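Data first, discussion second: the structure below is written as structure tokens.
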Amino acid sequence: MAAIFAQHHRTNTILGRNLTHSPVIGAEEVCPAKLLVVGTVLSVIVIASILGNLLVCLAVCTDKRLWKKSYLFIVSLAVADLLVACLVMSFAVYSELHEHHWPFGADFCRIWISLDIMCCTTSVLHLCLIALDRFVQLRDPLLYFLWMTTPKVVGMILTVWIVSALIAFLPTSFGWHEPFEKHNVVSETGMCLFEVNKVYAVTSSAVSFFIPCIVMVVIYAKVFGFARYHVLSMRRTNPVSVFNKKHATFKAAVTLGVMNGAFLVCWLPFFVLNVTAPFCRTCVPSTVFHVLIWLGYFNSCLNPIIYSMFNTEFRLALRNIVCPWTKVTPEPWSVIQMSVGSRMRDRVTGSERVA
């Protein structure tokens, strides 16, 4: 996913989140205060990502109000972010604090980079599924309960993981990424270098990021447009209940929009450079790539914050986990929504029996 530069006696295009900026390890004296600040900031991002996404999984598993098909996508996305934090970011922190020294061998270097690609691809595909799920819910609730069954949701999630794994691991396994002039994946300086050709840098970024993001934005535009139309229709037909329904409908659309926007803000700058870098190998300092890479990683700890800010049910579930001595009951409107959903499912089941 990441085609970036390394200064290793020459300028190389490499794949991965591990940049090299010095020909010889230890040639440049590092300020201890700088290491302390960088290590603290990066460690906070990693710990926040792990704790936040663990809380997401725990909240959905323990709170019956969240036992809905839509939250299966949320849990799967949280698992992807957990993998990023545990298997990718943790090793990236070690590399950052040890002048990009890689003591874990060439094989794990390839696996580490492939996991990075897989998890980012999984995240953007999950956002596409979440947007599609919300659109079908708003567009036709009856069709949603008929079509979006639990087995289908699980199948969609498994498909996303399989496709992401193929996109990440196939090219590295068959050498499709390799430039004409091949070099070792771990150089003699002990740094994790994974060189790629220009074609792979562009196609990998397009398949893993740009195309799914376009799909995600198009679906969200439809979600927001239909939510607005839905609210205007309710205002004309039933002005008494319009406030609560308007609030719930727009809040769902806003939550999805904030998630999509946060993902784009965090990852778009990196992928723009990722595509352009192979064509101008000396244009961007390696420090810029480091900053943009960690800006992308930062997205892994944002989603739990977004859920807790914009989703009342999720916020109450988190509060019950963090402060179990103060159990909080759902707001009346949440109960009404659950009741309406139950009646809709009963109506669908009844129509199936008649048929």
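Every residue gets a Cβ built from N, Cα and C, even glycine.
Please treat TrEMBL annotations as automatic predictions, because they have not gone through curation.
Copied from TrEMBL, the annotated features are:
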DOMAIN    52-307  domain 'G-protein coupled receptors family 1 profile'
TRANSMEM  35-59  transmembrane segment
TRANSMEM  71-91  transmembrane segment
TRANSMEM  111-132  transmembrane segment
TRANSMEM  153-174  transmembrane segment
TRANSMEM  206-227  transmembrane segment
TRANSMEM  248-271  transmembrane segment
TRANSMEM  291-310  transmembrane segment
Recorded stretch, among 35-59, 71-91, 111-132, 248-271, 291-310, maximising Cβ pairs under 8 Å relative to the transmembrane segment (206-227): 111-132
Criterion met for the transmembrane segment (35-59) and the transmembrane segment (291-310) (at least three Cβ pairs under 8 Å): yes
Averaged pLDDT score, the domain 'G-protein coupled receptors family 1 profile' (52-307): 83
Chain residues outside the transmembrane segment (153-174) and at least six past its termini with a C-beta under 8 angstroms from it: 1, 15, 69, 72-73, 76, 110, 113-119, 121-122, 125-126, 129, 133, 194, 200, 204, 207-208
